[in-house]
Amino acid sequence: MARIHLYVAAACAVVLALAAPTLAGDPDMLQDVCVADYASPIKINGFPCKANISADDFFFPGLRNPGNTNNPAGSVVTAANVEKFPGVNTLGVSIARIDYAPGGQNPPHTHPRATEIIFVLEGTLEVGFITTANKLFTKIVNKGDVFVFPRGLVHFQQNRGHGPAAVVAAFNSQLQGTQAIAMTLFGATPPVSSDILAKAFRIDNGEVDAIKAKFAPK
C-alpha cells in the first residue's frame, strides 16, 4: 500500500511538472535573450527582438529613489516592466517599487496576467486580497515582511504607519497589467453609462456622476 501511495505521489509530481509551463504567467522563451525592440514596426504578443544588445539593456536604475506620492491616492508605483526595461522581454518577470505617504493607499486593483509578491522595505501597511467567493484575507505587514497576492484577484495596500512606507513588488510576467477598480469603472473612455453603474452600486445617477467627476482626465 505504501508503494502504491509513493507511485501516486510520483505521478502527481510528474503531472504538475509537465503542466507548470502552461500555468506560467507568460509563454516560455525560445532563446537565451530577446531584448525588446521598441522601434520595430512589427506588432506581436510582446516585443520583437533587438539585433544589437548590451549589458545596459539588462540594467534598470529607476527603483533607487522614492517616487513622488503627492497625488490623491498618496502612493506611486515605479514599474520596471518590459515597457521601460527592455531586457525582461520574454523572461516572464518584472519588478516595481511602490511608495506610500502616511495614510497613502494603492487602491483596490487586479493584475490579470500575474501573481504579485511584495517585500516591505520600510513602514507598516495593511494589505489584503479578496477571493472570487468574496472572502477577504488581510494582514498588517512591517519592514522585512513578505506577502503574496494571487493572480487576478482584487487586492490593495494602505499605509497604517505615521511615516512613509515602501515595498518592492515582483511579478511572474514581463507586463502584469493593472486594472484599478474605481478608475476602471468611473474613469473609462468612453464612459460607462451612469445608469449601469447606478444599478450595480445601488445608488442614483447623480451620485455616479459626482464620482465620475473625481476620476475625469485632468
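Cβ from N, Cα, C; glycine included.
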Cysteine paired with CYS49, where TrEMBL records a disulfide bond, from CYS12, CYS34: CYS34
Candidates CYS34, CYS49, HIS155 (recorded positions) with Cα within 10 Å of ASN106 (oxalate binding site): HIS155
Residues close to oxalate site centre defined by ASN106, HIS111, GLU116, Cβ within 8 Å: HIS109, THR110, ILE118, PHE149, HIS155, ALA169, PHE171, GLN176, THR178
Near-site residues: Mn(2+), ref HIS109, HIS111, GLU116, HIS155, CB cutoff 8 A to centroid: THR110, ALA114, PHE129, PHE149, LEU153, VAL154, GLN176, THR178
GLU116 (oxalate binding site) versus CYS34 (disulfide bond) - Cα distance in angstrom: 23
